[in-house]
Amino acid sequence: MQKYDFDLFVIGAGSGGVRAARIAAGHGAKVAIAEEYRFGGTCVIRGCVPKKLLMYASQYGQGFEDAAGFGWHSAATSHSWTSLIAAKDAEIARLEGVYQRLIENANVEIFKGRAQIAGPNRVTVTGASVSARTILIATGARPVMPPVAGANLMITSDDVFDLPVGPPRIAIIGGGYIACEFAGIFNGLGRHVVQLHRGSQVLRGFDDELREHLGDELKKSGIDLRLGVDVVAVERQRGALSVQLTTGDAMEVDAVMAATGRLPNTWGLGLETVDVGLDQNGAIKVDEYSRTSSPGIYAVGDVTNRLNLTPVAIHEGHAFADTVFGGKALPTEHENVPFAVFSQPQAASVGLSEAQARDRYSNVEIYGSAFRPMRAALSGRDEKALVKLVVNGSNDRVVGAHIVGADAAEIIQGIAVAIKARATKADFDATLGVHPTLAEEFVTLRNRR
């Protein structure tokens, strides 16, 4: 039997790669991992974690405003962008250390540098050439710039976390979750925000009613959301940026952020040397066990463009390690995965949208409610929450749940368990609610639309 330097070589130390390395090592495999940037990947370094820290920071302004309705009187407040970024940096450095220690404690050998596949079972990194029985690619994805003049003047979500100054006026291009989240962050921090989206509504792929409701709430929060419009060009003028629109209008801002999509990080990995198949967007094609078209090479996470969420990458990495090194054939599961958008207000979904359910089932029942949350009763804020259940009328099973409102992300996690367990509408009806809460609406919905 041929001998290799490692049983597994992982390229990329993000959430999926680190989980795969640790689990494989726990099964007794000799494992190495290579990372050219920082441990933790997109989620820890320039994604989910720092974004949510900024989201928390941005909510205090609204809290100060709402406090007056509850009898509080406070002096004028101000915000320090530099203090926020410094605190964020310290926390991210701490988490990066946690990730690296997890790898070290699992006795995984670490290579600092860019790894490339040099041929079957062969990887080069930092001048070294090593052999591995199995190679796992977990290199994630990167933001892409729109193909317009002046794109070099734009920033992306990667750049936002390191801005030396928070821009007073910012235009955000896009209608996906990243665009909506950063629009809420900058708006909450007191910046003037214009969100530009060429589509008819934000959050393509989500339930249509949720999309429309969130769009209305974003506008009411103070975001200048413009739909059906795109950017033609960006120019620097008198120390600011001039943004030319397809409507013929122009606006002046201090920063333009592109949040128009992400592409898999497959360039320069040497995939052509081993005939790893890619799709039209450059994502690595894999089967349900994360196997590529090349024997002995696997891929997990955003680089496969299956479902680009951190818990999904972790699940895929864990399933891969158990399958290849743990003797358990575990296909990856992508059904009923909950989604959360940390916009302001938050939006969250699990299961099928109403349109998807009607395409799949002949008998679909819809239950929903839009209402003013209790907090707004005294604050006077003009806002409405939305809850919605999608039910397969043939067997009463709840196949989709959607929510817009405070703590939607926390609420949908519990609802996801119920849907995963194939709960019926009768099960929801028989469950007592916690009163007074937004979440209780899911178990008190009675009127079918």
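Including glycine, each Cβ sits where the backbone N, Cα and C put it.
For the NADP(+) site that Swiss-Prot gives as Gly175, Ile178, Glu181, Arg198, Arg204, Gly261, the extra residue drawn from Ala106, Ala321, Ala329, Ala340 is Ala340.
Of the residues Ala115, Ala240, Ala370, Ala376, Swiss-Prot places Ala115 in the same FAD site as Ser15, Gly16, Glu35, Thr42, Cys43, Lys51, Asp302, Thr310, His435. Neighbour density at the Cβ, taken as the number of other Cβ atoms within 10 Å, is lowest among the recorded positions Cys43, Cys48, Ala340 for Cys48. Within the group of binding-site residues (Gly175, Gly261), the Cβ with the highest number of other Cβ atoms inside 10 Å belongs to Gly175. Figure note: comparing Cβ neighbours within 10 Å for the binding-site residues Glu35, Glu181, the maximum is reached by Glu35. The recorded positions considered are Arg198, Arg204, His435; of these, His435 has the fewest other C-beta atoms within 10 angstroms of its C-beta. Put simply, of the recorded positions Glu181, Arg204, His435, the one whose Cα is nearest the Cα of Cys43 (FAD binding site) is Glu181. The secondary structure of Gly261 (NADP(+) binding site), as reduced to three states from DSSP, is coil rather than helix or strand. Of the candidate binding-site residues, Arg198, Arg204, Ala340, the one lying closest to Cys48 (disulfide bond) when CA atoms are compared is Ala340.
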